[in-house]
Amino acid sequence: MDDLDALLADLESTTSHISKRPVFLSEETPYSYPTGNHTYQEIAVPPPVPPPPSSEALNGTILDPLDQWQPSGSRFIHQQPQSSSPVYGSSAKTSSVSNPQDGVGSPCSRVGEEEHVYSFPNKQKSAESSPTVMSTSLGSNLSELDRLLLELNAVQHNPPGFPADEANSGPPLPGALSPHYGVPETNSPLGGKAGPLTKEKPKRNGGRGLEDVRPSVESLLDELESSVPSPVPAITVNQGEMSSPQRVTSTQQQTRISASSATRELDELMASLSDFRIQGLEQRADGERCWAADWPRDGGRSSPGGQDEGGFMAQGKTGSSSPPGGPPKPGSQLDSMLGSLQSDLNKLGVATVAKGVCGACKKPIAGQVVTAMGKTWHPEHFVCTHCQEEIGSRNFFERDGQPYCEKDYHNLFSPRCYYCNGPILDKVVTALDRTWHPEHFFCAQCGAFFGPEGFHEKDGKAYCRKDYFDMFAPKCGGCARAILENYISALNTLWHPECFVCRECFTPFVNGSFFEHDGQPYCEVHYHERRGSLCSGCQKPITGRCITAMAKKFHPEHFVCAFCLKQLNKGTFKEQNDKPYCQNCFLKLFC
């Protein structure tokens, strides 16, 4: 760098007396970017460095030996129109036409090597005007500067361990030799005589040494491409030699294209993450392309024809290729969406803190969480075990570690009413080994609800107290009403104590003795009366011997004559007006 600074200072002092008038270069000069419909591929290996010219060659009197070297390839002379201004000797940029098909062959099929033709202006000593002399002097100085820059560039690019002959040999070209064009140098605006053909020299940016101080654009692009994943290895293309303003413009354009491509790819990726369309997920399951992103194939340098030489290559993210198994279920689509979201967020470096593991799918929970039964759940996975509907914020019941919605739990596990067979949701009445709605537990006879006295059961049915005793309690033989408390059992019937009396006089039986006639209890008198066993004379029951006469029964001692009152024991008597008479009294009274 110190040598370069010294050379630049020497050049400035040498050319300080020259007019600052701008010099217009021809359409295609060593300091301009080549044009045409060719695809230019620059060679990363630096051109060979020629030996330094002698002092005579620099003064223009003796041709340098390198000037006598001509390439074996074809040469074409492109005549430039003469102009009134001095034209400096230059050569066109060496353009290598790269054919993609030619690169398929072996290296042996490649013909020739890249030719580097160096042009040094010939200074003819002639007694010409001073402007011509100054122009020639300026051209020689520029040529010397170009040579020194090339030498400096070769020293920087070639490792010190390589020999000079290896550094001077260029790599074989993929195709045929490229045509080179030479521009003849005019000595003066008036002579019109073309000087000897100048050898082509590789163009070199005059400000290359200064740019090497700063980080190169290629290194920045390499860092950018390494930070963005690419499906294929990036092809490194060295920047060609051109003038300083055009080189800066090309590298800036390359950086801008690469940066914009990476930005566009990132935007498309973020947009695809925000969409999460089901169609995209189905394509992921079928192995189709989900997203497409544009990645720069190379530096993105435009071709001389104005067309994008590098272009972009579509990079598609594809899922695992699996045979189609029919339309996926909504649950599987949702799981796929959640898994894709989690993986894509992790790839982008977005940290998601899991709030737990879902008790159903066993995956981490990043969004809303439901906590129930000592576990955490995705809201869409906390569903009823029976109907598979989301429980959400509704009430639920737990049985055997499984959640159930309120409706299914009552239908499956709640007790049933014996009357209506419906589930009992609130209060329950348990009776007769059954469960009942409170409003359905009533008397089977009258339909009245049971009060504090309770109910009575008969044949699996519940009855109120009144209906139960009326229907099933024993009845009193006297009043035919139910016997609820104390009772008397007699004559194969239950009796209220107050109802067990003589059926004729309704007198309670003294000492519990009674007489039965036709299934009814009687006192002794009414019993004998009912049976006809009373003495017609004394009106007392006949307990022993009796005499039956005139359809009546008499004690033997009470069967006497109605007039004389003598006992009729002889067995004969006369009857008159339902009264018995002896024979003597009947004759006396009625004869």
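Cβ atoms are placed via backbone N, Cα and C, with glycine included.
What you see is a predicted model, and the numbers here were worked out from it, not measured in a lab.
The motif 'LD motif 4' annotation in Swiss-Prot falls on one of the ranges 265-276, 409-420, 469-480, namely 265-276.
Secondary structure at Ser143 (phosphoserine), as computed by DSSP, is helix. When the domain 'LIM zinc-binding 4' (534-591) is classified with DSSP, helix, strand and coil residues number 11 helix, 15 strand, 32 coil. Confidence annotation: the domain 'LIM zinc-binding 4' (534-591) carries a mean pLDDT of 82 in the model.
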